[in-house]
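The next block holds one structure in the form of structure tokens; read it before the comments.
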């Protein structure tokens, strides 16, 4: 802590953090809260009671260590919008029908939050809000304080969205959803289909109104915090910073603030496996021999595809950990595993985690040599930070952009071969995109002994080392937190 004290800011700034209610958005925001508090700022996190419970243990340890972090609860108006009680996080829903009322309920938090802000002591200096909570812009305007947007994705994807929003005619002129187009004015030559990019061109009604409000709130914000580091995507950090008139702070990988084993194990939620049991299993395997498989907290693959994934892992003859989140939704998968003998056949070299996994803890273990991921930005960054090459299996959102960065630009992974977006409600119709032979082939390509595989491992190990240097004192991300604190302090002083 001695090195951090030299950077503390006095009098302390007070940051109000608004994480969106989705695991992939909340987890890095909690890490950001700890990073700011370690540098002397007071931090208040505003969320609902149910969501606060997900990171209670991690924050309790942070507070007990003396970090000035507070949590303030607001009531989630589930009844008004016909939502089930206790389902206050987007990963609790598996149908698009409830998404619009969920977002409407989230937007209704504006009034109670406004009242909270009026009573808050010390006076807030700055809001850091998730992109998906545009109402926080009104609050920032009312209290005349800067609002910084947190996206939860990297600069490659942010620049891609920025460029395409200014060239919508490219998307509108495509004759088919299967046609590829070239992203204009981009540092690298990259191509996508229209469904693969997170830029909406056909929204209507309430959903379009929300998206328009979100984009406006983003572009009128004071600046952007990004969970990335300059050495990972230098051209994209540079161009996106230029596009946002300089107010972009790359402060990642924020997951590296989790140094204690307990913090790594409980990051985001209570793990569905005992930490010691997991480590004991990993300790029994050779270095670099285990493939970690996790397709995120909102994985919506159909049963037919999950069976092929399991059979492909079995055929690869590699040791693996397979995480199946939302396990309660997969009774049929469990029946298949038992009746077909799958669980019995793989018990010596396969570990199934049925629920939330201690991902950072697993990825930082020397036995792990590969990561099959849905390419959510947190997972992508956690894999690279741990020096682990990736098999990319994107589902939706920013994940196809992240795949392109990993495979084509960074050359830190191989694609499983998925080209079609997994649309909510149409999973069964889409069916199997990668069969067991395709899974086996991707695992062999990643974990094998070819020159390409060796070069990929060398490259990603180098990126992992750069990530750790970035967050150390004097590193790019550590310095960017200093610049952020100095900037907000100047804003506070100019108003006094």
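Cβ atoms here come from the backbone N, Cα and C positions, even for glycine.
Here residue 376 (UDP-alpha-D-glucose binding site) comes close to 24, 296, 397, 398, 399, 402: these same-chain residues lie at least six apart in sequence, with C-beta atoms under 8 angstroms from its C-beta. In the three-state DSSP classification, residue 376 (UDP-alpha-D-glucose binding site) falls within coil. The UDP-alpha-D-glucose binding site feature in Swiss-Prot is assigned to 297, 357-359, 374-382, 396-399; the stated evidence is similarity to another entry.
Under the heading region 'Disordered', Swiss-Prot lists 450-475. For the region 'Disordered' (450-475), the residues of the chain that approach it from at least six positions outside its boundaries are 3-4, 229-232, 252-253, 256-257, 288, 369, 381, 384-390, 410-414, judged by C-beta separation under 8 angstroms.
Positions annotated as compositional bias 'Basic and acidic residues' by Swiss-Prot: 451-472.
The Cβ neighbour count for residue 297 (UDP-alpha-D-glucose binding site), using a 10 Å radius and every protein chain shown, is 22. Within 10 Å of its Cβ, the residue among the binding-site residues 359, 379 with the fewest other Cβ atoms is 379. Mapped onto DSSP helix, strand and coil, the compositional bias 'Basic and acidic residues' (451-472) counts 21 helix, 0 strand, 1 coil.
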